[in-house]
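What follows is one structure encoded as structure tokens, with my remarks underneath.
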Amino acid sequence: MGVQHLLKLRMASPHPHPHPGAPLAARPLSALASFFLARPSSTAAAPPPRHVTLSCSRPHCNHNQWAASRCRGTAGRRRLQVVVAMSSSAPPPPPGSVQKSEEEWEAILSPEQFRILRLKGTEYPGTGEYDKLFAEGVYECAGCGTPLYKSSTKFNSGCGWPAFYEGFPGAIARTPDPDGRRIEITCAACGGHLGHVFKGEGFNTPTDERHCVNSISLKFIPASEDSKL
């Protein structure tokens, strides 16, 4: 059937607005013209975009975890960096971190060190090696090597024992004597006896404290050999 014949039939039709499902002969003139005269597109229409769900091949991850932490790899690396950064400035040993039996201490300490550090003895005033020493350096525990005092905190108290106005943070433990008259100071790491601390004596120091320490309880490390200053 030719186009002209269809057009004639359409013009003679009594129904100007047929149903969309009507045959071609019953459709409007504009629809017929579009049907026969429209050129086919040279390029097919692009398919609608599909929704893509990201997933991870690692069995322990779902796509939400992948999007949030890239299979936890990024978060794990960050945690590792934090741990490394924290370890670069290590705090002093925690209290009681050096544990030895009294027999072990007796084997590694000299008799005088054992008497003072472990049996809480006291050396005679004015006889200690470090009483009059004011060189720059660090004083460590003679028992376990924990840094206790900077030389910059040492002062001349005239008492006959080395005197310091403060120790390294967390390095010194304080325990009141049973009679309550004095406060004993010990190495926080190994419990070695250092001496006693007194406050309010009027010394011109930042803390108005005097750590009265036995020289035998200490080991001096000169500044040229120490990196903790």
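Glycine too: its Cβ is placed from the backbone N, Cα and C atoms.
Fair warning: this is a prediction, and the values are worked out from it, not measured in the lab.
If you look up Swiss-Prot, you'll see 1-71 marked as transit peptide.
Taken from Swiss-Prot, the feature domain 'MsrB' covers 102-223, and the record attributes it to sequence analysis.
Following the DSSP three-state reduction, the secondary structure of C187 (Zn(2+) binding site) is strand. The Cβ neighbour count for C187 (Zn(2+) binding site), using a 10 Å radius over every protein chain in view, is 27. Among the features that Swiss-Prot reports, Zn(2+) binding site is placed at C141, C144, C187, C190.
The Cβ of C212 (disulfide bond) lies under 8 Å from the Cβ of S157, C159, W161, P162, A163, G195, H196, V197, F198, each on the same chain and at least six residues away in sequence. The disulfide bond annotation in Swiss-Prot covers C159-C212.
In three-state terms derived from DSSP, C212 (disulfide bond) belongs to an extended strand segment. The annotation active site, nucleophile is assigned in Swiss-Prot to C212 on the grounds of sequence analysis.
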The one of C141, C144, C159, C190 whose CB sees the fewest other CB atoms within 10 Å, among these recorded positions: C159
Assigned conformation of C144 (Zn(2+) binding site) - DSSP reduced to three states: coil
Residue distribution over DSSP helix, strand and coil in the domain 'MsrB' (102-223): 22 helix, 40 strand, 60 coil
